[in-house]
Amino acid sequence: QVTAKTAFLFILPQYNVSVPTADGELVQYHYGLKDLVTILFYIFIAIILHAVVQEYALDKINRRLHLSKVKHGKFNESGQLVAFHLTSVIWCLYVVVTEGYISNPRSLWENYPHVYLPYQVKFFYLCQLAYWLHALPELYFQKVRKEEIPRQLRCIALYLLHIAGAYLLNLTRLGLILLLLQYLAEFFFHMARLVYFTDENNEKLFNVWAVVFVVTRLFTLTLYILVIGFGLPRVESQALDPERGNFFSFLFNNILFRMSVLLLVCLFQASVMWRFIHFQLRRWREYWNEQSSRKRAAAAAGTKQQTKLLKRDSGYHENGVVKAENGTSPRTKKLKS
């Protein structure tokens with residue numbers, strides 16, 4: 001009884017509020033400083049789950065594959081992210097379907113700001129923040145190479161910025177859809193890497209990932225234009241009101257600011273697509289170079305085999321004299337008179 005309140009502080013989301021509805025009262029949540037305690041608890045849970053996946057799944061597979069040191073680290077990274085992204089995609093899809101965010105796209109901007117969150121939405125965001133924060137000490141626990149640390153830190157920082165920004169600025173509904181699209185593309189990418197490490201000739205999943213990546217980028221850009229260009233400017237409350245969580249409506253009512261934001265979003269998505277196209281062109285170029293080298297090697301081997309057959313048909317040389325297959329000289333003998 002004494003420690004129950006403290007335990008609930010670590011385990012359960014805080015700041016619950018009873019919101020009156022037409023059917024009665026509905027318990028919802030908003031954010032505060034106590035969320036940091038809950039996030040800290042789930043950071044330790046994420047570290048434990050990370051160790052379980054590593055010990056009972058990835059290490060056993062690594063012993064069978066006998067990968068090099070570089071591939072070993074990449075295999076572990078992709079294995080952990082496949083487990084996380086698959087879980088997050090299923091969980092996020094369940095949340096957006098049950099809350100009606102997909103069936104009713106208007107709910108992404110209607111009644112903004114979305115200060116009060118359902119339990120499952122707030123818990124999802126807390127767990128997402130905990131996972132990406134736990135990835136920082138994992139860089140030490142997993143003994144990641146120094147060359148890989150800047151790339152992984154950049155990735156962690158971008159995810160934390162996106163998730164924390166959507167959570168604190170009351171854009172949680174839009175953030176859920178964007179996370180769903182991003183995690184779906186990342187799942188196929190890391191799954192393709194795992195299959196490639198087990199069989200380097202199997203690159204079919206990379207083609208699937210390429211299609212999914214392009215489709216998710218198009219959906220992401222469309223969603224930004226729909227919400228920022230058409231949704232938020234139509235919100236009834238256009239005044240700046242930090243106490244009610246209204247941070248953006250008055251800004252997006254200004255067409256110049258709105259177009260500037262959309263331009264930045266389009267430029268960012270264009271840069272992502274450019275890097276993706278450059279990566280695909282390089283991969284295809286390496287593939288065709290490898291295929292052409294194999295064809296040249298096969299042609300050289302065929303020519304060598306034909307040369308051997310011709311030599312066998314015309315006889316062989318012994319002490320500078322051409323001998324036939326039966327050991328007799330191919331020269332015609334002179335008849336004695």
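Please read every residue number as a count from 1 along the shown chain.
Cβ coordinates come from backbone N, Cα and C, glycine included.
Record note: among 79-103, 179-203, 79-103 is the stretch given as transmembrane segment by TrEMBL. The domain 'TLC' (73-287) scores a mean pLDDT of 87 in the predicted structure.
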